[in-house]
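*Asks:* This is the structure I have questions about; it appears just below.
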Amino acid sequence: MSPKKDAVSKPTPISVPVSRRSDIPGSLYVDTDMGFSGSPLPMPLDILQGNPIPPFLSKTFDLVDDPTLDPVISWGLTGASFVVWDPLEFARIILPRNFKHNNFSSFVRQLNTYGFRKIDTDKWEFANEAFLRGKKHLLKNIHRRRSPQSNQTCCSSTSQSQGSPTEVGGEIEKLRKERRALMEEMVELQQQSRGTARHVDTVNQRLKAAEQRQKQLLSFLAKLFQNRGFLERLKNFKGKEKGGALGLEKARKKFIKHHQQPQDSPTGGEVVKYEADDWERLLMYDEETENTKGLGGMTSSDPKGKNLMYPSEEEMSKPDYLMSFPSPEGLIKQEETTWSMGFDTTIPSFSNTDAWGNTMDYNDVSEFGFAAETTSDGLPDVCWEQFAAGITETGFNWPTGDDDDNTPMNDP
C-alpha cells in the first residue's frame, strides 16, 4: 500500500439514535424516544387562554385608539372613557366601514348591552371599568348582559329539572283544570255573542219595519193633502167643531147648575153621576119643572118653536098634533133636557185627530190587515162613518139642511 492512501482519513460516521425495545418482557410497545426529550414543549398563545374578546369591543378599542380619528372619536381626558365628538360623521363614515350599518342608536344600544354608561349629558361620553387606554387585555373582563327573559327561562328550567315527579304531576293537573275552565268560559262567551247577534238582527228588523210604516204614513198624508175635496171638507169640519165645542160646554154648565146640591148635603156640592135606576124620577121632576115654566112664561109668539116639546092641553087635543113630527128645533130642546136624565157627563170631543187619526195608506192594504172603500174625493168612507157614529152615540140629530141657524151652536 502506498503511504498516500493511508494518510487519507475516513469520515466519521453519524450516530443516529436507535429506538430501543421495551425492557418489559412480552411488551409490544417500542420506546420512541429519539433523543428530543431535553427540548422545551410549545406553549399556547395568550389570546387562547381565558375568555375571548368580543369583536365589537376590540373594534371599538381600535377606533378610539386610532389618532387619525381623534376629531370624530377619541379617549377622554383621564383615559378611562371615550368621547364621540361628531355622531353624524361617525354614523356616516366609520360605522358602515367597521360595523356594516350606519345607525348611531344601534351602536349606543350595543354599548349598553356590554355595560357601558353615559357619564356626561352634554356630550356622547361612555365609560366602563375594563375599557381603559393602553390596557386592551382587560377587554376580556367585559361580558355581555343577558336579557331578563333568558334568566327567567334558565331559572324555570332548573327548578323544573329539580322538581319531584309528584310536584310535576300536580302542576300538570292544575294546568289541565285551568285549560278546562278557560274552554268553558270561551263556550259561554260564544253563546252570549250569538245571542247578542240575534238580538241585534231583531232590532234591525223592527227598525226597518218602523221606517217602512213611517214612509207609508208620510206618503199617505202627502196624497191626502193634495186632494182639494178633502181639504174643503176638513175646513168645514173645523168650523163646525169650534161651534159644537161651544154648545157642548154650555150644555155641560147647564147640567152642572141644574143638578148642583146644597152645601149641607152629604156630597158637599159635588156633581153626582146618576145611574139608570134614577132616570124615571129625574125625568118626571124635569117635566114638571119645564111644564111649570112653559105655562107661566109662554107667549103667543114662538118664532123658534121651543113650545113643541111641552105643548099645552089645547094643542094636544087637536087631531093634527098627533099626525105632526117635531121640527129640528124641538129635537135640540129635547137634547138639552137629556142632560137631566142621568147620562154620563163625559162627552167625546170630535177633534180632527179623533176623526182622522185612524187614516191609513189604503193603497198598502196588506200592511194594516183590512181594506176600506174610498169616495170620489179620495177620503175613506170609514172616516165619515166613524164621525157619524160618534155623533149618534151622544144623541145629537144634526139637521141636513143648508140653514146653519138651526144648529145647536146658535141656540141661546
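Each Cβ is built from the backbone N, Cα and C atoms, and glycine gets one as well.
Look at Swiss-Prot and you will find 53-147 tagged as DNA-binding region, backed by similarity to another entry. For 166-224, the entry in Swiss-Prot reads coiled coil, with the evidence type sequence analysis. The compositional bias 'Low complexity' annotation in Swiss-Prot covers 148-166. Under the heading region 'Hydrophobic repeat HR-A/B', Swiss-Prot lists 159-225. As annotated by Swiss-Prot, motif 'Bipartite nuclear localization signal' applies to 238-254, with the evidence given as sequence analysis. The motif 'AHA1' feature in Swiss-Prot is assigned to 277-286. The motif 'AHA2' annotation in Swiss-Prot covers 381-390.
Each of these features: where is it, how hidden is it, and who are its neighbours?
*Replies:* For the DNA-binding region (53-147), the DSSP counts in helix, strand and coil order read 42 helix, 17 strand, 36 coil.
Note on the motif 'Bipartite nuclear localization signal' (238-254): its mean pLDDT in the predicted model is 64.
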*Asks:* Quick check on the region 'Hydrophobic repeat HR-A/B' (159-225): DSSP residue counts for helix, strand, coil, in that order please.
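*Replies:* Final tally across the stretch: 65 helix, 0 strand, 2 coil.
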